[in-house]
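Heads up, here are the entries from Swiss-Prot:
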| type | residues | note |
| --- | --- | --- |
| BINDING | Gln105 | chloride 1 binding site |
| BINDING | Thr111, Ser115 | chloride 2 binding site |
| MOD_RES | Lys242 | N6-(retinylidene)lysine |
| TOPO_DOM | 22-25 | topological domain 'Extracellular' |
| TOPO_DOM | 52-57 | topological domain 'Cytoplasmic' |
| TOPO_DOM | 82-105 | topological domain 'Extracellular' |
| TOPO_DOM | 181-192 | topological domain 'Cytoplasmic' |
| TOPO_DOM | 217-226 | topological domain 'Extracellular' |
| TOPO_DOM | 256-274 | topological domain 'Cytoplasmic' |
| TRANSMEM | 26-51 | transmembrane segment |
| TRANSMEM | 58-81 | transmembrane segment |
| TRANSMEM | 106-127 | transmembrane segment |
| TRANSMEM | 131-154 | transmembrane segment |
| TRANSMEM | 158-180 | transmembrane segment |
| TRANSMEM | 193-216 | transmembrane segment |
| TRANSMEM | 227-255 | transmembrane segment |
Amino acid sequence: MSITSVPGVVDAGVLGAQSAAAVRENALLSSSLWVNVALAGIAILVFVYMGRTIRPGRPRLIWGATLMIPLVSISSYLGLLSGLTVGMIEMPAGHALAGEMVRSQWGRYLTWALSTPMILLALGLLADVDLGSLFTVIAADIGMCVTGLAAAMTTSALLFRWAFYAISCAFFVVVLSALVTDWAASASSAGTAEIFDTLRVLTVVLWLGYPIVWAVGVEGLALVQSVGVTSWAYSVLDVFAKYVFAFILLRWVANNERTVAVAGQTLGTMSSDD
């Protein structure tokens, strides 16, 4: 018996094809995705070229973490375009679009759960933070992304959507707190304060945009009910928070390898008592 003949079971291939077709038919939505595929591809080539002379050690680690950002992004955006990581969900009672089927780009949360830790890893290496702080912040970041996905995909009750949203924001506060306080102090001690401050401001300002877009978009209050407009908002944030951020960081590292290399050996260094 074919799986498509089993009652209640839907062919995943059919759903994927339908989702991909729906994305292609929405010019606003598809253009927001293709732009990022193109920019991510360009970023990969540029970053590989920039890293050709970067020496082993911390500079090379920063380069590796930074290169992963567009690599993850291009994979994710292709997943969205193919319909693999796009689905339809019915909004719960109390939502502005209650009872309506809304297209969810849940693959974005998968992207953020993989790419934002790389951003934080690169920043942590730049600031020469201790391993415990780096682990805590990256764990909080992943928690932020996972609970954000839960907020977007929960359909049982509107209260649960906003509860997950609040938890995600709480994780976000942990990340922001580290960037503004402890990590800034570490960067000052490491001699990388100037570039770290620039990247920190860029990261904090842009990352604050994501929960705002969620809140006003179709997933939240639905003040903006166009999935295409919401997708463009996320895509623009991604361009600056990922590719522009990464280019600024790599250009500085390539020109200041000695500073990065001698800034400290906190990460990966074992205690002399071991």
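Keep in mind that glycine also has a Cβ here, set from the backbone N, Cα and C atoms.
Surface or core, plus neighbours and distances: that's what I need for these features.
According to DSSP, Gln105 (chloride 1 binding site) is assigned to coil rather than to any helix or strand.
Thr111 (chloride 2 binding site) falls within a helix when secondary structure is assigned with DSSP.
Close to Lys242 (N6-(retinylidene)lysine) in the fold, though at least 6 residues off in sequence, lie Ala40, Ala43, Ile69, Pro70, Ser73, Ser115, Ile119, each with a CB less than 8 Å from its CB.
Distant neighbours of the topological domain 'Cytoplasmic' (52-57): 63, 253-254, 257, 261; these residues of the same chain sit at least 6 beyond its ends, with a Cβ under 8 Å from one of its Cβ atoms.
Only residues 6 or more beyond the boundaries of the topological domain 'Cytoplasmic' (181-192), in the same chain, are considered here, and those with a CB under 8 A from a CB of the stretch are 123-124, 126-130, 133, 137, 200, 256, 259-260, 263-264.
Mean pLDDT across the topological domain 'Extracellular' (217-226) comes to 93 in this model.
Listed by sequence, the residues of this chain that lie at least six past the ends of the transmembrane segment (58-81) yet keep a Cβ under 8 A from its Cβ atoms are 20, 23-24, 30, 33-34, 36-37, 39-41, 43-44, 47-48, 50-51, 105, 107-108, 110-111, 114-115, 118-119, 121-122, 125-126, 128, 238, 242-243, 245-246, 249-250, 253-254, 257, 260-261, 263, 267.
Packing against the transmembrane segment (106-127) from elsewhere in the chain are residues 58, 61-62, 65-66, 68-69, 72-73, 76-77, 79-80, 84-87, 133-134, 137-138, 141-142, 145-146, 148-149, 152-153, 175, 179, 183-184, 186-187, 190, 192, 195-196, 199-200, 203, 210, 234, 241-242, 245-246, 249, 253, 260, 267: each is 6 or more residues past its ends and has a CB under 8 Å from a CB in it.
Long-range contacts of the transmembrane segment (158-180) within its own chain (CB-CB distance under 8 A, at least 6 residues past either end) are made by residues 92-95, 120, 123, 133, 136-137, 140-141, 143-145, 147-148, 150-152, 200, 203-204, 207, 211, 214-215, 219-220.
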Just the number: how many Å between the Cα atoms of Gln105 (chloride 1 binding site) and Thr111 (chloride 2 binding site)?
11
Please state whether DSSP places Lys242 (N6-(retinylidene)lysine) in a helix, a strand or coil.
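Looking at the DSSP assignment, Lys242 (N6-(retinylidene)lysine) belongs to a helix.
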How many other Cβ atoms sit within 10 Å of the Cβ of Ser115 (chloride 2 binding site)?
23
Counting every protein chain present, what is the number of Cβ atoms, excluding its own, within 10 Å of the Cβ of Gln105 (chloride 1 binding site)?
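25, counting other Cβ atoms within 10 Å of Gln105 (chloride 1 binding site).
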